[in-house]
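So the structure is just underneath, and the comments pick up after that.
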Amino acid sequence: MAATKSHALVHRVLAECPVTKARACELQMPHGQVKTPVFMPVGTQGTMKGVTADQLRNLGCEICLGNTYHLGMRPGPEIMKKASGLHGFMNWDRNLLTDSGGFQMVSLVELSKVTEEGVQFRSPYDGKEILLTPEKSIEIQNALGSDIMMQLDDVVSSTISGPRVEEAMHRSIRWLDRCIAANGNPDRQNLFAIIQGGLDAELRKQCLQEMTKRDVPGFAIGGLSGGEEKDHFWRMVTLSTDHLPRDKPRYLMGVGYATDLVVCVALGCDMFDCVFPTRTARFGSALVPWGSLQLKSKQFAKDFQPIDKNCDCPTCQRYSRSYINALFKSDTAAMHHITIHNIAYQLNLMRSVRESILQGRFPQFVQDFMKTMYGNKDKYPQWAVAALETVGITLQ
């Protein structure tokens, strides 16, 4: 398959599913190779909560996320430069993606005001007024030295409709141009555009049309997984992948539930991130192919099996459900063990998805995955059934 060299990224499409829009690709970046489809664990302040860089490496993680909003506040760009960027700071020699800080605007909306210039908000650390402009976002990300940087976009909640959505879409295009102009390191850092337009098909198409004219190395599908109905969600995903170029990576932001990952690979997405596996671990929830186990529950007090006997992660190799259940009463190590397992689960799921695409059996993989996850066809989520139907998979 032909490789496309764009900026600091070489993108190869290795295999495409003849039935669905799923594909297996390879990205070559400054810190090595990333095989897609891929799930990227999220470390808000340069660390995965409860997991070290070494442990991530040992799980075979090729790329993870850092958060510009938090790292730009503390410890700040000056310290980052002295530490040789985020890679040096967190002792991580593989690829890093940093977000622009835009998403935090929605979650901390009481702190922020959006104008054409940028986003104004009070620092949650010291209460100072800060203006995050597209230029400032790129300046911070250049200091962080991430392999993939995200443009600053004007983020509105996916449940909002009306003129604000259109305004945000047009502004995101203008801000993309400002981010491209501000990138002081295009031969080492890849700047991805973010497709906006809410749940409005026409606005999404307009945004796709404009942004795909820009010479950027990759595209993200933004403004989704913010509480909108799943039926709207998958339609916007497939609309986006229909209009995105084949020769560039497609990153669906904020998606991490196993079913969503599998369905969205079928719809043509390559990269995913979400805090879900690490956040849910803190509440004692371990991810398994048939759903999840609530390990705090007393039903596991005398259960001496591993979380999942087919999982090769350090937690499943060493500890029982009973042991982790007991730890929860006294020790934060329980969360640590489940976090390791949950990240391993996500990474392994995506490896299996990828293998099935390379071997030409992805549609069968999807059938088996759904059967294992839900058991009975009556329990399949209707949105997933409908979405898969549009790409040639009729669930049995």
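Every residue, even glycine, has its Cβ placed from backbone N, Cα and C.
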**Request:** According to Swiss-Prot, Cys311, Cys313, Cys316 bind Zn(2+); so which of His232, His243, His341 is the extra one listed there?
**Result:** His341
**Complete:** Among 113-117, 163-167, 278-282, Swiss-Prot marks as region 'RNA binding' the stretch 278-282
**Message:** In Swiss-Prot, one of 51-57, 170-176, 205-211, 254-260 is tagged region 'RNA binding'. Which stretch would that be?
**Reply:** 254-260
**Request:** Name the one residue among Cys311, Cys313, His341 whose Cα is closest in three-dimensional space to that of Gln196 (queuine binding site); these are the binding-site residues.
**Result:** His341
**Complete:** Asp273 (active site, nucleophile) sits from His341 (Zn(2+) binding site) (Cα to Cα, rounded, in Å) at a distance of 17
**Message:** Mean pLDDT for the region 'RNA binding' (254-260), rounded to an integer?
**Reply:** 97
**Asked** Tell me, which recorded positions from Asp99, Ser100, Gly101, Asp153, Gly223, Asp273 are within 10 Å of Cys313 (Zn(2+) binding site) if we use the C-alpha atoms?
**Response** none
**Prompt:** Long-range same-chain neighbours of Gly223 (queuine binding site), Cβ under 8 Å, sequence gap at least 6?
**Reply:** Val155, Val156, Ser158, Ala168, Ile194, Ile195, Gln196, Gly197, Gly198
**Asked** Around Asp153 (queuine binding site), how many other CB atoms lie within 10 A of its CB?
**Response** 30
